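Noted in TrEMBL for the protein shown:
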type    : residues                   : note
DOMAIN  : 28-285                     : domain 'CoA carboxyltransferase N-terminal'
ZN_FING : 32-54                      : zinc finger
BINDING : Cys32, Cys35, Cys51, Cys54 : Zn(2+) binding site
Amino acid sequence: MLKDFFFKQKRFATIPSEHAKKDIPEGRVKKCEHCGTITFVKELEKNLYVCSTCDYHFALSAPERIKMIMDQGHFFEYDSDLISSDPLKFEGYTEKLKSDMRKSNLNEAVVTGEGTIGGFPVVIGVMDTRFRMGSMGAVVGEKIARAIERAVIKRYPFIMFSASGGARMQEGIISLMQMAKTSAALAKLHQEGILFISVLTNPTTGGVSASFASLGDINIAEPGALIGFAGPRVIEQIIRQKLPEGFQTSEFLLEHGQLDLIVHRKDLKATLNQLLDLHMVKGRM
Ligand SMILES: [Zn+2]
């Protein structure tokens with residue numbers, strides 16, 4: 001029939017062959033959580049893991065952050081051998097730790113060490129949300145406290161990159177103690193007049209936001225980061241009030257005085273470099 005020429009319909013769905021499927025290896029593209037844009041991982045990498053459509057800042061692993069911020073070949077890691085025990089014998093905790101170690105190739109949720117940024121020596125700590133949501137247990141607290149103590153001895157500025165779900169549930173009260181321990185170490189740093197820059201990234205919540213992450217001489221956040229103590233629903237229930245729009249974002253906190261700066265990831269290294277330069281006092285920072 002003549003009309004068949006005009007209404008040609010596809011009768012079969014196209015199913016990619018096994019060979020075609022292999023051409024797109026898993027993990028080669030990533031979807032933006034904010035706007036849904038799908039981007040090749042290679043492109044994202046070039047763009048410092050920032051969505052080119054909406055500027056959403058993807059979470060970075062600790063090694064990626066270190067590579068992005070520290071001068072190449074100038075990073076010496078501290079205490080990488082510290083491993084969490086299971087003080088409360090929490091069911092399933094040891095297995096979860098082991099599985100996160102395998103997946104992240106890290107021993108804990110924070111990497112600490114020293115190196116240089118634009119030639120300025122610094123001690124840094126970088127949290128990694130792939131490991132138990134970047135939560136703070138005894139080892140995370142200990143590594144951060146030790147890093148701060150080294151900054152005091154060496155008189156190097158301390159920079160902390162936070163990304164955390166808060167205190168680690170499986171370590172109960174011991175994880176809460178880390179808030180006091182890290183804050184006490186920072187108080188010593190402050191007494192010695194040494195600079196502390198806190199960089200808050202998405203998300204920085206719970207006991208981490210309520211301790212060292214908020215104690216910077218300069219508090220910087222990445223755009224659009226979720227920063228807060230408890231979740232908005234819990235707060236609304238307690239205060240029996242509706243929370244304002246954008247509550248717990250970097251932008252809201254900057255407007256209300258809890259942050260000093262919001263810095264786009266592409267400008268972060270240069271900003272840190274400039275701040276270190278400004279605080280340099282003849283061989284002493
Ligand atoms: Zn996006």
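Yeah, the Cβs are placed from backbone N, Cα and C, and that goes for glycine too.
A TrEMBL annotation is a machine prediction, not a hand-curated record.
The Zn(2+) site is defined by Cys32, Cys35, Cys51, Cys54, and by the 8 Å test on Cβ atoms against their centroid, the other residues of the chain that qualify are Glu33, His34, Gly36, Thr37, Ser52, Thr53, Asp55, Tyr56. Cys35 (Zn(2+) binding site) is surrounded by 11 other CB atoms, counting those within 10 A of its CB over all protein chains shown. In the three-state DSSP reading, Cys54 (Zn(2+) binding site) counts as coil. The least crowded of the binding-site residues Cys32, Cys51, Cys54, judged by other CB atoms within 10 A of its own CB, is Cys54.
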